[in-house]
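The annotation transmembrane segment is assigned in TrEMBL to 14-33, 53-72, 84-107, 128-149, 161-181, 193-214, 279-302, 322-345, 379-399, 405-430, 437-459, 506-527 (among others).
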Amino acid sequence: MGEVVQMHFTTVDYVIFALLLVASAGIGLFYAFSGGRQRTTQEFLMADRSMSCLPVSLSLLATFQSAVAILGAPSEVYTFGTQYWFLGCSYFLGLLIPAHIFIPVFYRLRLSSAYEYLELRFNKTVRICGTVTFIFQMVIYMGVVLYAPALALNAVTGFDLWGAVLAMGLVCTLYTALGGLKAVIWTDVFQTVVMFAGQLAVIVVGASQAGGMAEVWRKAVNGSRISGLDLNPDPLERHTFWTLGVGGVFLMLALYGVNQAQVQRYLSSRTEKEAIMSCYVVFPCQQIVLSLGCLMGLVMFARYGENSPLDKGYVKTNDQMVLYFVMDVFKDLPGLAGLFVACLFRSSAVETFNSLATVTMEDLIKPHFPNMTEAKATLLSKGLALVYGLVCLAMAYLASLMGSVLQAAFSIFGMVGGPLLGVFCLGMFFPWANPTGALVGLAAGLAMAFWIGIGSFVMRLPGPTPLPPLNTTALPLFDNMTTTVMTTLVSAAKPTGVEALYSLSYMWYSAHNSTTVVVVGLLVSLLTGTHFDLSHQLQNQL
């Protein structure tokens, strides 16, 4: 096995990377000193509810297209083939349901935080539990998703690790704390264009060097990387049509239906119709992003075949392999590598600062200080965004100490979304559910999520006989690190009992955990007395 091969940025690459960072900061400064100058919480946290459909749509797309997804999808397709593309089948229902069920409820109630709904429907305790769960989820997510691409970049190119982390973290903290949600949305638009440009450049140049797309396709077919429709109903199979197309719907609902980072963007729209239309516009954009990731994986396979840089020891993990491929493709084209890395570092993690500031302000602070002046509330909101930005950097440092536990931190993000989805579904679809049922259901869902997630991780830890190392971005989807298990050796004997539960495909986690919340919540509600009054009052408001 060879030593890790380091490539290097040219001066042009550094210039392009720096210019894109400066452009992002400039957008924040522009909105900090224009318009209402972010003097009210309505403007800072909700963009004055003045955004049109297109920027909201691109921001929705960008929010969870993080570096791990950009690095993970090509790696997944290179290693296992195009079966992952069937995830696109889940996008239709995964966006249609939020458009016509969740968005109308949130928008008509004129909420700032999605968790305000939980107080209206249940009580303040449920709201606080939902908020704290969300904060826990996103704080862990923020740091590791900022650190992972920096680590890969450092390993492949020698690019200063903490220089990259600090530069991106501080720039995003700056434009979020100064420019508010409007700056975040317009920066998302700019960076989404950069993301498309970077991926397209890699595919076009890489395919050209491989002999054209026809040759790429021929090599992929010969290498068995073009997958057919796998209708195996076994939920233990990592990727089948059912796990991706059906299980993926629940994951999409957790991300695009009830996650505050997305809900806040819906609520910033000028009208309910534009908020709904933004979901429809995201659908084809998601398909394009998914297709680009798959194409990039096929171009990688056409270039390296079965002799990957990982197998040769040039890099240590799959995420580094994708960056190695990019640097290899662009080694004679100065500037394009800098463009792709800028695309990579448009980290969605740091764009959650505003949503974290919103839920902290609306759910945890304002209820206890109802007489706070607008000026103080706005200043405090900006301070919270700044604090969460610094927390992100601290989490990135902690992630650097975790080593192989990084995948466990990513698993937390995937496991928490399902129970939160379950609580909202319990409130919206079951009028007899009561606050006790919601609290016990949420607790049961989180317990089930951590039991399965941690059990799955521990079960696959290397035993006396060394196993291949776990990869930190072998998984493609929205930073859900539970897919790291997919690269480990699979036992010939089918798991039974508790081991079967631990072997559940990561794509079913959201469905399984949200269902647990609903079932337990309904049972507890029936045992403790149904709860019609508040839900009827809420329906009247709508």
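Glycine too: its Cβ is placed from the backbone N, Cα and C atoms.
These figures come from a predicted structure and were not determined experimentally.
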Taking the transmembrane segment (279-302) as reference, the highest number of CB pairs under 8 angstroms among 14-33, 84-107, 128-149, 379-399 goes to 84-107
Query = Between the transmembrane segment (379-399) and the transmembrane segment (128-149), are there three or more C-beta pairs closer than 8 Å, counting only pairs 6 or more apart along the chain?
reply = yes
Counting only residues at least 6 beyond its ends, the same-chain positions whose CB falls under 8 A of a CB in the transmembrane segment (193-214) are 20, 62, 65, 70, 288-289, 292-293, 295-296, 299-300, 302-303, 325-326, 329-330, 333, 336, 339-340, 342-344, 346
